[in-house]
Amino acid sequence: MRYLVDTHTHTIVSGHAYTTFLENVQEASNIGLKVLGTTDHGPSMPGGPNLFYFNNFKVMPRKLKGVTLLHGCEANIIDFKGMLDIPDFTQKKLDVIIASLHDVCIRPGSVEENTEALINVMENPYVDILGHIGNPSFPINEEVVVKKAKEKNVLIEINNGSFVSRKGSEETCKKVANLCKKHKVNIIVGSDSHVCFQIGRFPKADNMLKEIGMPEELIINNEENKILEYLKNKGKLKDLNLD
């Protein structure tokens, strides 16, 4: 399958990634992506940016080198109540927010605690995507989370990077994907790139989705406008004309 969108990418601003914003945009353009999300880690990630970075996205272009640019954040869930490490004032300015659990920002809890964190964060209207919930370091009740995502219109990410960097993720990601298929929940495939050469490349995630027969209509990033319409319907991207 051809993917035209990657909403989960990092720049050197994240502290442990290796390419700049412009290098990422150039690579996205080179490989034919139509939409690129820059979603650097929130400030509680060691080495991550401060809030001024996220509050200053107004200086950034909306389009560059033929690519529509989404300016967002992979925000860290910092407690089991679903609190994020960026305030509402910042959240409402962003085009896209991925909410993720990272063990350097919150201790892994029980299945019940981890599930509660994801359920609670989906009550936040600014959250668009749940990041890498197939991470076995944070065991969850996958079916409860997937059903809640459908109720709250939150996208479930299938994270290609998890297949490599988070040991044991392959089976949990497949379980999540099968539940999304069962309950007809929209998914988005993300590279979680930390260097530009990973952008728009989802081979392991794509192979798994083909294996389980994921319906293409449930995959948000196989068309340019699906993600843009999704975000506009949530009241975002007011400056972007889709006509």
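Just so you know, glycine gets a Cβ as well, placed from its N, Cα and C.
Classification of H8 (Zn(2+) 1 binding site) by DSSP places it within a strand. Residues within less than 8 Å, Cβ to Cβ, of H8 (Zn(2+) 1 binding site) and separated from it by at least 6 positions along the same chain comprise G37, T39, E74, I98, I129, G131, E157, N159, G190, S191, D192, S193. Residues or ranges marked as Zn(2+) 1 binding site by Swiss-Prot: H8, H10, E74, D192.
Sequence annotations record features per position, and here Swiss-Prot assigns Zn(2+) 2 binding site to H16, H41, H194. Sequence-distant contacts of H194 (Zn(2+) 2 binding site), defined by Cβ-Cβ distance under 8 angstroms and a gap of at least six in the same chain, are H10, S14, H16, A17, Y18, G161.
Look at Swiss-Prot and you will find E74, H102, H132 tagged as Zn(2+) 3 binding site. Of all Cβ atoms in the shown protein chains, 21 besides its own fall within 10 Å of the Cβ of H102 (Zn(2+) 3 binding site).
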Quiz item: Among the binding-site residues H10, H16, H41, H132, which residue has its Cβ surrounded by the fewest other Cβ atoms within 10 Å?
Solution: H16
Practice problem: For E74 (Zn(2+) 1 binding site), name the DSSP secondary structure in the helix/strand/coil scheme. | Solution: strand
Quiz item: By a simple count of other Cβ atoms within 10 Å, which of E74, D192, the binding-site residues in the record, is least packed?
Solution: D192
Quiz prompt | Pairwise CA distance, H132 (Zn(2+) 3 binding site) versus H41 (Zn(2+) 2 binding site), rounded so that it is a whole Å | solution = 14
Exercise. To the nearest whole angstrom, state the Cα distance for the pair H41 (Zn(2+) 2 binding site) and H102 (Zn(2+) 3 binding site).
Key: 10
Self-check item: Remaining residues near the recorded Zn(2+) 1 site, that is with C-beta within 8 Å of the centroid of the site residues H8, H10, E74, D192
Solution: T9, S14, T39, D40, H41, I98, G131, G161, G190, S191, S193, H194
